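S.K.: Next up is a structure, given as structure tokens.
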Amino acid sequence: MRQVIIAGNWKMNASKEATNILVMDILSGMVDVKSKVIICVPFPYMAQVEALVGCSQLNLGAQDLNINKSGAFTGEVSVDMIKDFGARYVIVGHSERRSLYFENNEIVAQKVQVALNNNLTPLLCIGELLEDRDSGKTQEVVSEQIQAVIDLVGIDAFKDIIVAYEPVWAIGTGITATPQQAQDTHAFIRSMLAKYDDNVSQITSILYGGSMNPRNAAELMNCKDIDGGLIGGASLKAQDFLQICKAS
């Protein structure tokens, strides 16, 4: 049975005070939560969050990493820096990194490799734009994104990778993906992995990252191939985030 995972992506939000309040509120409501819960926080707050979560069931993650160990890369953060703050997870290939910072499939695959080689679990984000879906290229785009990773690290590595499907066209656009649309793409992703190794495909958790919220979380996670969510805006509100965690 695959593990249900709820990962919060705070993006470039919060403050020192807000971080303290949000984490404490989440921790206070975790008693009945059975899923694995991860919060991926801005780099400046990682030490603060590490101290707050302690040995609780709340897991710390980062939002990106640089493939280099160190050097003249102003503004970047290495995998060792991330691990210094107790993080065990890192988001890789988020749609905003792909679109705003021009990270292509090869760069994303390299980041996955660096994370795995340094005992961090990558949350590999994949997904298509509106024009891709409208032109019937969803499967083609998603296939290329996954294939780049398989080509570099191999199918067996997916035992240690969490996949997150982001339908970019359904994030902050007012367009909503139906549970069936989400399930169809999740099933396709799993079938692609199965072409290489059926066992790996069955144990790989595939999260949904298309504006999951307390209203649609249960219906989405009732779908056969949806194993949790990568949560954006709703992860900044403790009660909303906890409702999603408990919906699983």
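Using the three backbone atoms N, Cα and C, a Cβ is placed for every residue, glycine included.
Feature table excerpt (Swiss-Prot):
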BINDING   Asn9, Trp10, Lys11, Gly172, Ser211, Gly232, Gly233  substrate binding site
ACT_SITE  His94  active site, electrophile
ACT_SITE  Glu166  active site, proton acceptor
S.K.: Take the C-alpha atoms of the residue listed as 'active site, proton acceptor' and His94 (active site, electrophile) and report the distance between them in angstrom, rounded.
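M.R.: Their Cα atoms are separated by 8 Å.
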S.K.: When you tally the Cβ atoms that lie within 10 Å of each candidate's Cβ, which of the binding-site residues (Gly172, Gly232, Gly233) has the highest tally?
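M.R.: Result for the most crowded candidate: Gly232.
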S.K.: Hey, for the substrate site built from Asn9, Trp10, Lys11, Gly172, Ser211, Gly232, Gly233, who else sits with CB inside 8 A of the CB center?
M.R.: Ile171, Ile231, Ala234, Ser235, Leu236
S.K.: According to DSSP, does Ser211 (substrate binding site) sit in a helix, a strand, or coil?
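M.R.: Coil, per DSSP.
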S.K.: In Å, how large is the greatest distance between any two Cα atoms among Asn9, Trp10, Lys11, Gly172, Ser211, Gly232, Gly233, the listed binders of substrate?
M.R.: 15
S.K.: Taking the Cβ of His94 (active site, electrophile) as reference, which residues of that chain separated by at least 6 in sequence fall under 8 Å from it?
M.R.: Asn9, Gln63, Asp64, Cys125, Glu166
S.K.: To which of the binding-site residues Asn9, Trp10, Lys11, Ser211 does the lowest count of other Cβ atoms within 10 Å belong?
M.R.: Lys11
S.K.: Across all the protein chains here, work out how many other Cβ atoms are within 10 Å of the Cβ of Glu166 (active site, proton acceptor).
M.R.: 23
S.K.: Hey, does DSSP put Gly233 (substrate binding site) in a helix, a strand, or just coil?
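M.R.: In three-state terms, Gly233 (substrate binding site) counts as helix.
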S.K.: Please report the DSSP secondary structure of Trp10 (substrate binding site), reduced to three states.
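M.R.: In the DSSP reduction, Trp10 (substrate binding site) maps to coil.
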